[in-house]
Amino acid sequence: MKTRLCLVRHGETAWNAEARLQGWTDVPLNAEGEAQARAAAAELAGTRFDALFSSPLARARRTAELIAAAQAPGAAALQLDPRLRERHHGELQGLTRNEIALHSPAVHALLNARCPGYLPPGGESVEVFAARVHAALKDLARLGGTVLAVAHGGVLDMAYRLATDADLHSARQHALPNAAINWLVFSGGGWRVEAWGLTGHLEREGRDETGG
């Protein structure tokens, strides 16, 4: 069975603009993010999705709702999956990396190094986060057809690494712009990247992921 998965990162938020780690903090889209989400919806209006999923966090859910609203009458209903939430950054949520470096240099070093097993205070490790995302992707792969999932930069990062067999702890080499459209294909027991970081529908390219 073949599954084509369209992964869309949510539109911009005020915390994206300020480069703050969002994690599970429920920050809504800002005006730019709303425009980006509408542009993604218009771009995908001609694509018939057999199933539509989203993270329940407001920034992703609103992006997904706009995409779902642009689908043809009779389209599948949007479903929320908590496994598609961003990585939980615990006490680091709401901070910029510069603020973390200033107040907790050791924590900043561990965060930047993507150290195996590192657990942000009150948050989740990369390994736990990856397992959660992989479980969601496994279920999406079973659906077949064309599937939409609107999520977060960290989730898309885990999906890309799974599809390219990249190490969880290596530095990221792939862009994760707000409201970018990305395509993965599952066939023959594994994922592969079909297209990544498509932003031609945006008036200006969305901000790259900064960690949440």
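All positions are counted from 1 along the displayed chain.
Using N, Cα and C of the backbone, Cβ positions are placed for all residues, glycine too.
Curation plays no part in TrEMBL annotations; they are all automatic predictions.
Of all the Cβ atoms in the protein chains shown, 29 others lie within 10 Å of the Cβ of G11 (substrate binding site). G11 (substrate binding site) falls outside any helix or strand according to DSSP and counts as coil. The substrate binding site annotation in TrEMBL covers R9, H10, G11, E12, T13, A14, W15, N16, R59.
Annotation source TrEMBL lists active site, tele-phosphohistidine intermediate at H10.
Secondary structure at E86 (active site, proton donor/acceptor), taken from DSSP and collapsed to helix, strand or coil, is coil. Residues or ranges marked as active site, proton donor/acceptor in TrEMBL: E86.
Between the listed recorded positions, namely R9, H10, R59, the fewest other CB atoms within 10 angstroms of a CB are found at R59.
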